[in-house]
Amino acid sequence: MEFLSYLITGISLGSIYAIIALGYTMVYGIAKMLNFAHGDVIMVGAYVSFYVTMFAGSNLLGDDPSTLASGIVALVSVLLAMAVCTVLGVVIEGLAYRPLRQAGSLAVLITAIGVSYFLQNAAQLLFGANPKNFTPIVSGQLTLFGGQLRISYVALLTIAACVVIMLGLTTFTGKSRMGKAMRACSEDRGAAQLMGINVNATISMTFAIGSALAAVAGVLLCSYSPVLQPTTGSMPGIKAFTAAVFGGIGSIPGAFLGGLLLGIIEALAQAYISTQLSNTILFAVLIVVLLVKPSGLLGKYVPEKV
Amino acid sequence: MKKKLLALALALTMALGLTACGGGNDTSAADDGGSDTTVSTGTAFKIGVIGPLTGGAAIYGTCVANSAQIAVDEINALGGDIQFELLPAADDVNDAETSVNAYNSLMDKGMQILVGTVTTQPALSVVPLTYDDRVFTLTPSASGDDVIENNDNVFQICFTDSNQGSRSAQYINEHFPDAKIGIIYKNDEQYSIGIRDNFKAEADARGMDIVYEGTFAEANQTDFNVQLTAAQSAGADLLFLPIYYTPASAILTQANALGYKPTFFGVDGMDGILTADNFDASLAEGVYLLTPFSADAEDEMTQNFVTKYQEAYGGTPNQFGADAYDAIYTLYQAIQAAGVTADMATEDICDALIEVMPTISVTGLTSAGSEMTWDANGAVSKDPTAVIIENGTYVTP
């Protein structure tokens, strides 16, 4: 029964990593760049949701709000966070990355790190450095087997959100016109442009979707581990990037699988081996996988044409 | 053209920066001159405070700085021969390297006595420097045993960690004799490790039942689901948390989400949890903590301090602030006893104060009616008390 609760902890943590990793992997697949500022967009999303909930709590809701009212506030806060992050993602892409479209990949990478630091410090300036306690968007837990197994509703919501997002994205890229354009850009940007696809608009769209997902991930992350500060997004961001590489960067199912596995390995390593060594074990597994399958679990091996 | 403009802009920034610095020096010099005229004998003692004013332990640092200011103002208002000038508090973000920079900047401003640091980790970096520079150091709340070990110039207002750990074990053993104890501590922070080691030693000596020990580090101090699940399944009904309030607030929130309701027992680091940003204080109901100060105490001294604090800064001061207030008054008494003056060299002041510290006894906010005395090592001796959080305030159980 303990094993089951560790497993559920791992899956819900992994689902958060997976949602973040989807953002990394989409941007990499289509724009061929690593957006290291992605983790900090998560943090911005969480702050937006935090302040919306605070504002509603002190101005709109009474002292003892009904479940429905607080549910609506939570939903609105998530939607607003998504809207803000979408705009932020598109603005970052337009201002920081688009001018460097023809530059080397190293220049873009360094810009991304710069944007990441900019967001962290801007957040520190705007919101202050004091950690804030994030109120989870849902509370309570499900009790099974006569109290032996307790699953928090946050964990259930996280897992459900991850599955829905994953299915939605697969359908979107597979079926819709925009999705087809994205796949075309990913395959060969030059050829796609010649076929009349607006590459810049497609890349902007990718950033918009990735950043909206980051907002969802931010709210779920802070509901799961309730301390919110300007550096909240950086470690989960790095772990999610690892998850994307683990699953095969550029592949949407790969990001999903990588995120889940990473979360499960982390939770089980913490529970059964050592809380101190859990990160070490995590990255050791990554190295082993990459040695055996250099393109990640579900990544396609594409030989470079010389 | 663009380059020229840029160069011009940079040159302007530099020039402005320089004038700003110059301006700062001018005004502080003018201040000194001003205090010269009001004080009868020489200038005032320059006291520096180092503590976390931002970051995860910011509640402590800001409260220490504010409370020290209250005590300094009170003493200066007495108009006696001893006057203090409190330098602007230096921020160390509870970080070892930043604290060294903070110390150096205070030394540049002519600090003669250090009231700091607030937390243990930075103290371990700063204390060797004060030892070399012979700056008398009185830390309000850096409770590590190593902070005073081998440093004759360092004295503590708070209990050492070994004292906190063994006192907690003693209290739990007396009040919860059948408790199955779980411990979650931070294994990359000396404060947490020190208390845990001494707690465990005392608990083992008393034959107490420790059923679970979990750890975490700086990198994963927001997620405790695994540790809490393990503690719960090990059957721990009392969770000892020798950690600061930020991770503790995450533990309380996550334990609530998991439906795990043991008795939580914290030490001085738990102080401040009720004022953590947006923390649901109802989750802290029934939490025990070992603290020498309760803002609800009825005595005149506490009431005076709390009222002044609320008027000047808003909010309720915590134990760290009370420690700082006591630190300034302890300095006042020590300086009186030693008969040093502010125009003496820093190292002479330091040596004279080291001489008198083991001989004085101070009644303060944090001594629970008893008197604080010090041994030559720098450790304080006073009565500890445990409080329980009920209806959002500390109550003596």
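Using the three backbone atoms N, Cα and C, a Cβ is placed for every residue, glycine included.
Straight from TrEMBL, the features:
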- A:6-29: transmembrane segment (TRANSMEM)
- A:41-62: transmembrane segment (TRANSMEM)
- A:68-91: transmembrane segment (TRANSMEM)
- A:103-120: transmembrane segment (TRANSMEM)
- A:151-173: transmembrane segment (TRANSMEM)
- A:194-221: transmembrane segment (TRANSMEM)
- A:241-265: transmembrane segment (TRANSMEM)
- A:277-296: transmembrane segment (TRANSMEM)
Tertiary contacts of the transmembrane segment (A:6-29), as residues 6+ beyond its ends and Cβ separation under 8 Å: 35, 38-39, 41-42, 151, 154-156, 158-159, 161-163, 165-166, 169, 182, 186, 206-207, 209-211, 213-214, 216-217, 220-221, 224, 236-237, 239-241, 243-244, 247, 249-252, 254-256, 258-268, 271-272
The transmembrane segment (A:68-91) in contact with the transmembrane segment (A:241-265), cutoff 8 A, at least 3 CB pairs, sep 6+: no
Closest-packing stretch to the transmembrane segment (A:41-62), where packing means Cβ pairs under 8 Å, from A:103-120, A:194-221, A:241-265: A:194-221
Beyond the flanks of the transmembrane segment (A:103-120) by at least 6 residues, Cβ under 8 Å: 32-37, 39-41, 43-44, 92, 96-97, 230-231, 234
